[in-house]
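Enquirer: Input: one structure, supplied below.
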Amino acid sequence: MSSAPAFAPSEAFAIPEELADECTLPCRTGDPDLWFAESPSMLQQAKQLCAGCPVREACLAGAIERQEPWGVWGGEIFDRGVVVSRKRGRGRPPKSSSPARQGTAA
């Protein structure tokens with residue numbers, strides 16, 4: 001059972017009929033779970049699909065206004081209602097990326 005919402009990002013706001021007829025929005029085709037994936041690589045794939053979308057800006061503005069809790073909206077990743085540049089994978093980060101360790105090298 002998927003934990004993704006029952007709708008794709010494009011269904012969260014009204015799309016002008018003439019625009020919807022003229023194009024195929026990336027989030028209306030394929031697997032809707034891609035927009036709410038756990039995998040950072042899948043979320044990056046969703047972001048890339050959003051890049052050329054004609055309603056990307058409206059989608060992002062709506063997601064910010066609604067404080068979407070998670071998923072890819074308007075080409076950005078949301079986590080707990082905040083836009084993040086990328087989603088970190090599960091588990092602990094590698095020790096080499098720790099800021100405390102980077103400053104202590106001799």
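In case you wondered, yes, glycine gets a Cβ from its N, Cα and C as well.
Dumping what TrEMBL says about this protein:
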DOMAIN    26-83  domain '4Fe-4S Wbl-type'
BINDING   Cys27, Cys50, Cys53, Cys59  [4Fe-4S] cluster binding site
REGION    84-106  region 'Disordered'
Enquirer: Around Cys53 ([4Fe-4S] cluster binding site), which residues of its chain at least 6 apart sit with Cβ under 8 Å of its Cβ?
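Expert: Once residues fewer than 6 apart are set aside, Cys53 ([4Fe-4S] cluster binding site) is near Leu25, Pro26, Cys27, Cys59, Gly75.
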Enquirer: DSSP says what for the domain '4Fe-4S Wbl-type' (26-83): how many helix, strand, coil residues?
Expert: 30 helix, 10 strand, 18 coil
Enquirer: Can you tell me how many other Cβ atoms are located within 10 Å of the Cβ belonging to Cys50 ([4Fe-4S] cluster binding site)?
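Expert: For Cys50 ([4Fe-4S] cluster binding site), the count of other Cβ atoms within 10 Å is 22.
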Enquirer: If you draw a 10 Å sphere around the Cβ of Cys27 ([4Fe-4S] cluster binding site), how many other Cβ atoms fall inside it, taking every protein chain shown into account?
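Expert: There are 23 such Cβ atoms around Cys27 ([4Fe-4S] cluster binding site).
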